[in-house]
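Step one of this worksheet: look at the structure below.
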Amino acid sequence: MTAPFTPAEIAAEGIKPEEYEDIVQRLGRHPNKAELGMFGVMWSEHCCYKNSRPLLSNFPTEGERILVGPGENAGVVDLGDGLRLAFKIESHNHPSAVEPFQGAATGVGGILRDIFTMGARPIAILNSLRFGNLDDARNRRIFTGVVDGISHYGNCVGVPTVGGEIYFDPAYSGNPLVNAMALGLMETEEIVKAGASGIGNPVLYVGSTTGRDGMGGASFASAELTDQSMDDRPAVQVGDPFLEKSLIEACLEAFKSGAVVAAQDMGAAGITCSTAEMAAKGGVGIELDLDKIPVRETGMVPYEYLLSESQERMLFVAQPGREQELIDIFHRWGLQAVVAGQVIADPIVRIFFQGGIAAEIPATALADNTPIYHRQLLDQAPDYAQQAWQWQESDLSPAAIAGIEIAGQKQSWNEVLLTLLDSPTIASKHWVYRQYDHQVQNNTVIVPGGADAAVVRVRPLDAKPEECVIGVAATTDCNARYVYLNPLEGAKAAVAEAARNLSCVGAEPLAVTDNLNFGSPENPVGYWQLALACEGIAEGCRQLNTPVTGGNVSLYNETLDSNGRPQPIYPTPVIGMVGRVENINKVVGQGWRNSGNGIYLLGSNDGNTLGGSEYLAVVHHTVAGQPPQVDFDLEKAVQKACRHGIAQGWVNAAHDCAEGGLSVALAEMAIASQLGAEINLPDSDQRLDNLLFGESASRIVVAVAPEHQPAWENYLAGQSLPWQKLGVVGTAQGNLTFIDAQNNALIDLPVSALTEPWQTAIARRLKS
């Protein structure tokens, strides 16, 4: 019997003492080094979701358009006309913190493999990114490195990066979030799944060679970031986008041949994960001979083979007798392809090396029957939240027509608006997306920054572009400050905003993929945030009929402060949502089209709050209060009206009110069109700063040409939602003017003055 490992050796694999005892009991013996490593990666939070799985079970996962839900490499929805969309979001947070370029690049590569492993051709990439403030040199290095990595991989692989979101906040200093989402188009009914089947069927290793890069990446991603994390740079993988481009084509050709029974990419935990998951999902076993695996380094031992996360690798189960056909396809594309094993009846993963058995573990022990922790939920909100909820608007200085006093200094509303437009979270992300190739494949309908959601034309390979009018819209959304202050309501708001952004381009929301980025679940506060956010997501998705098709959980996003205490990020449940566009020729952006168009607000300002707002954080340097709460009946009514107006051709511009409230939304529409506007604010008992900069759900600003306004207003009169005409689009080089009910000009600025800080905010900070 193998000698027991020391506690330090066990802990080094991320395994708790009680988990090691469980392993010994399951095997009936002590594991060897390779087996211990296999358990370490497969029982990590990154792979088995041992703290989050009970919470995820509450998500709605079924719907009339859902073809594949959670459990496969990606979700799949039915677009109609024989077309299907595969989509998924995943994180690469920890690798991007220690090696920003490669961490972000391989995050893109990994999510693309999830898509084409299903048999779908990748058609778009989106990203949800979070960084610390750019006045810190390390944060600037991480930010520029991540953007470089995303652009390098996406541009080289030939898939357009079409949208996403970027936030900056001290909560992410040293622990960035890099969440990558991808979409893929399927033209056949055949969906490639991961479950192995067919006793005796050959198992093929295809793609790149195996090296020592990415060793233990899954375990690394399941631990807090510390001062020693830079020593874990070998746990960051190195990607080759040109090789991945060949892998995409080879895999799609192989799937089309009908010779592939099942497929699984080698992502987290590499060979260990792909063999265990394929075997467990199929209820069979897999034997694999490591001596057959193509390598790029000499002297590798089983532990290294099994835990390597070298990129651009796949595992196939093939139809018997058709191995050579598949091998020839991959060789033609300049890729490795070998028969490395077979499917067996005994449901175990058996690994051979140099004529002996290197590892032998029941497949379900690695991939299905893993530890699950049911943690106790706090019976009341933690102290930080209760203290934050004590804040009231009356704690601020009075808001007068001339402005507000902040730290002894009078600021006009003009100055406040310019300050918000200069906030990197609100400001233009042009510095970022100008580095992305967003037009490759020639199907991008709206360029990044042009609308509230990305829109891509759905074009089958053999179709003429002019014949294709169906599109797909996609977005990633989460205001993490809301979730920090109230995880339940903040998560609902994230789902609602994602659907609202799709509705702003005229798309019907279909389904969700989620990326749960949180701190340690072993901290009662962290688990409270996670549990309530999951409850909020479930509620939001049920209300809006957008089932969850899968996603990713990234926990232990924490750094240590100067006293060695863990500092978690803001809880950040990113919602990736996709929608169907009936006719891409009717899609609208956020910029006003023409002078003289009417400007309308769908929804009401009555639900505005300064709690958790960008105004409160940026202008008053305060994070407190209750965030906005979603009225889903109102939310659905507002979105329905917006979609209907776009479909009828009445609405020619739409933009939701998010960070910065009504004033920032209108300023962004003015900047996008370079047209001014005169806005008449309604009479209100609200504070002026709440009316101007307060935030709430369920508000969309739209523009309508004069000839369509009677029909539009007649339609709205028959709907059960509040709305009002705010004003009229002005002229080029005009001013954006806000006038209150007493005819006072609260804000009056040339569009050029709005544009300058908004357009240059990020670039200026990078030069500092």
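Glycine is no exception: its Cβ is also placed from the backbone N, Cα and C atoms.
Swiss-Prot has this to say about the protein:
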- HIS46: active site (ACT_SITE)
- TYR49, LYS88, ASP514, GLY551: ATP binding site (BINDING)
- GLU90, ASN552: Mg(2+) 1 binding site (BINDING)
- SER91, HIS92, ASN93, HIS94, ARG113, GLN237, GLU309, SER310, GLN311, SER554: substrate binding site (BINDING)
- HIS92: active site, proton acceptor (ACT_SITE)
- ASP114, ASP265: Mg(2+) 2 binding site (BINDING)
* Among TYR49, LYS88, ASP514, GLY551, the annotated ATP contacts, find the widest CA pair distance and round it to a whole Å. => 17
* Cβ-Cβ under 8 Å from HIS92 (active site, proton acceptor), same chain, 6 or more residues apart: which ones? -> GLY103, ALA104, THR106, GLY107, GLY110, VAL178, ASN179, ALA180
* **Other residues, Cβ within 8 Å of TYR49, LYS88, ASP514, GLY551 Cβ centroid (ATP site)** => LEU56, PRO70, ILE89, GLU90, THR513, ASN515, LEU516, VAL548, GLY550, ASN552, VAL553
* How many angstrom lie between the most widely spaced Cα atoms of the substrate binders SER91, HIS92, ASN93, HIS94, ARG113, GLN237, GLU309, SER310, GLN311, SER554? -> 20
* To do: Can you tell me which binding-site residues out of GLU90, GLY551, ASN552 are within 10 A of ARG113 (substrate binding site) by Cα, answering none if there aren't any?
  => none
* Asked: Of ASN93, ASP265, ASN552, which binding-site residues are close to the residue listed as 'active site', meaning a Cα within 10 Å of its Cα?
  -> ASN552
* Structure fact -> Spacing of the two Cα atoms, SER91 (substrate binding site) and GLY551 (ATP binding site), in whole angstrom, works out to 9
* Structure fact -> GLY551 (ATP binding site) to ASN93 (substrate binding site), Cα to Cα, whole Å, comes out at 15
* Asked: Taking the Cα atoms as reference points, how far is ASN93 (substrate binding site) from ASP265 (Mg(2+) 2 binding site) in Å?
  -> 20
* **Cα separation, ASP514 (ATP binding site) to GLU90 (Mg(2+) 1 binding site) (Å, whole number)** => 8
* Asked: In Å, rounded, how far does the Cα of ASN552 (Mg(2+) 1 binding site) sit from the Cα of ASP514 (ATP binding site)?
  -> 6
* To do: Tell me the Cβ contacts of ASP514 (ATP binding site) under 8 Å, same chain only and six or more apart in sequence, or just say none.
  => PHE59, ILE89, ILE537, VAL548, GLY551, ASN552, PRO573, VAL574, ILE575, GLY576
